[in-house]
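Peer 1: Below is one structure. I have some questions about it.
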Amino acid sequence: MEHHKHDTFLGGIVKALGLVFGDIGTSPIYTLTVIFTLTQPTIDNVYGILSLIFWTMTILVSAEYAWLAMSLGRKGQGGEIVLREIIMKLVKAGRLVAFAGFLSFVGVSLLLGDAVITPAISILSAVEGLLLIPGLEGLSTGALVAIAAAIAIGLFSVQHKGTDRVASAFGPIMALWFGTLAVTGAVSAFSMPQIVEAINPLHGIAFFRDNGLAGYFVLSEVILCATGGEALYADMGHLGKRPIVRAWHFVFVALYLNYLGQGVFAIAHPDAKNLLFGMVRSQAPALYIPFLILTIMATIIASQAIISGVFSIVYQGITTRLLPLMRVDYTSRQIKSQIYLGAVNWSLMVAVIFIMLVFRKSENLAAAYGMAVTGSMTITGIMMIIVFSHTTKKWRALVALVVTLIAAAYHVSTFSKLPHGAYWSIILASIPFVTIIIWTRGQRTLYRALKPLDLETFLISYEQIYAKGPIRGTGLFFTRETDVVPPYVVHCIIRSNIIYERNVFISLMISDEPLGVETELIRGIGPGLDAFRIEAGYMEMVDIERLLKENGIQEKVIFYGVEDISTRNPFWRFFSVLKKLTPNFVQFHKLPASRLQGVVTRVEM
């Protein structure tokens, strides 16, 4: 994942607008509209809600992500998997590591589940703007869903081509989008300048006082203004910290100006169906259609950023052995971090369209949205408390605690959405979560069941067989570690006497750093036996074939183990099916098929 050090001050900000802020940037399309369908837009309520929005964005985006989380990068990388790796390095062992690991599993699963709902609500809400065009008022809900689904299908269908060619346009389009949000909001707010007083937190407190428990549950809708805030930290590796934080200052002002404008419009037009579209149409009817086109483009860019983010999260999960191996294609020759995972892409597309068909309207989706986001924010907060409490900046742990308690309060408020479909967040997140749990446990159990042989014992038999006369050429054998020998190698060399003039044990170890590749060739472990260790960061795209050539290893044949799992346990059966459906190690690393030789080992689990 490259840092773009050559970007200008403005260039870095514009790029960040296109890559990072799409999700949070499209929140004004539906946030206040949804809130004021549930809460009467009286002057007091509008002031209270606008105050809550300001402080929600300040605490849960500016403080939690732009300040606290972004101070915890590893070589510029961010995200919950990175936090997990930081904790594992700081804490080393014990229950805290296991707890942090479990939290990261839940956090990653929530983000992946959320990646289904976010494109669905963004695209649907934009398409619903067609209803304000004269002559299109009668469009049925089914027609709107069909248009939204067609846009989603088009977006997912071009993923395999990569976004290299069009990505340069994302930033300027989103800059225009945020500029438009700021101007339209400011124009509306100008008719009632005192609306700026909504920043005062006393208005938010008064809202809770006047509305009681119902006021608290409104937080489950207010949080919609901060969805996508986690992208600041998760996407840090693409651009670096500074351009993202600088861009956030502009985005914050643009978003809040628009919310202020919508608040004024809501007071004057309490029956408006969509506050953003209604406000823009009332200001400049002739420019409404161009604005709607810009809105749809912004939601497509936001969805694209989410899809790319999912590819990145899943790749991190694969390399850190949380998720099964999947076919990975590189869509850019210049930027190695631009990847495409077909299985993830099509699964995500089916899930997004399914959610559109289930909920049919953006307001229905909004009623179910927010549980995963607030859960993820709470988990990030807990993990930051663990990290800061183990560093010299322990005072930050107290700040993180306050932020986490606030995030948790929002999360609890979203439980009121369960009857309205929020359970879909749990269902969607449970799919990656169950996969992670079964895959990680299955790998550990399988490794123990394989009973690898220690190197010293193996060498006694190896030396005797080598003395009888090896086959010409070089044979490569993939092993998990260089000091233990897996059963398939024992079967190959000791039992079947398949031994070459040069035999190389290759092990790929994942380091606790995100980037960097180091290799070590250990010669003469035994007669004609070398070991080749590769240690790579968990964000690295490792080209094993290139590394072999660089170290003068010219293979004749590549051996690898294939486990034939026998089990009655339903969990391990699912694990076995996952292993069969997904590529094996050598296929994942695209090693030449003509030289591959799989050796089957039967394993009881």
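Just so it is clear, glycine is given a Cβ too, placed from its N, Cα and C backbone atoms.
Below are the features I grabbed from Swiss-Prot:
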type: TRANSMEM; residues: 16-36; note: transmembrane segment
type: TRANSMEM; residues: 49-69; note: transmembrane segment
type: TRANSMEM; residues: 97-117; note: transmembrane segment
type: TRANSMEM; residues: 138-158; note: transmembrane segment
type: TRANSMEM; residues: 170-190; note: transmembrane segment
type: TRANSMEM; residues: 212-232; note: transmembrane segment
type: TRANSMEM; residues: 247-267; note: transmembrane segment
type: TRANSMEM; residues: 287-307; note: transmembrane segment
type: TRANSMEM; residues: 339-359; note: transmembrane segment
type: TRANSMEM; residues: 368-388; note: transmembrane segment
type: TRANSMEM; residues: 397-417; note: transmembrane segment
type: TRANSMEM; residues: 418-438; note: transmembrane segment
Peer 1: Short question: which residues 6 or more past the ends of the transmembrane segment (49-69) have a Cβ under 8 Å from it?
Peer 2: 24, 31-32, 35-36, 39, 78, 83, 195, 198-204, 207, 218-219, 222-223, 225-226, 229-230, 232-233, 244-245, 248, 252, 255-256, 259-260, 263, 377, 380-381, 384, 388, 396, 399-400, 403, 406-407, 410
Peer 1: With Cβ distances under 8 Å as the criterion, find the stretch in 97-117, 138-158, 287-307, 368-388 that has the most pairs with the transmembrane segment (212-232).
Peer 2: 368-388
Peer 1: Six or more residues out from either end of the transmembrane segment (16-36), which same-chain residues have a Cβ under 8 Å from its Cβ atoms?
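Peer 2: Hits for the transmembrane segment (16-36): 49, 53, 61, 118, 121-122, 125-126, 129, 167, 169-175, 177-178, 181, 218, 221-222, 224-229, 231-232, 235, 238-239, 243-244, 246-248, 250-251, 255, 258-259, 262-263, 266, 270, 272-277, 295, 298-299, 301-306, 308, 362-363, 366-367.
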Peer 1: Does the transmembrane segment (97-117) reach the transmembrane segment (170-190) with at least 3 CB pairs under 8 A, where each pair is 6 or more residues apart?
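Peer 2: Answer no: the transmembrane segment (97-117) and the transmembrane segment (170-190) share fewer than 3 Cβ pairs below 8 Å.
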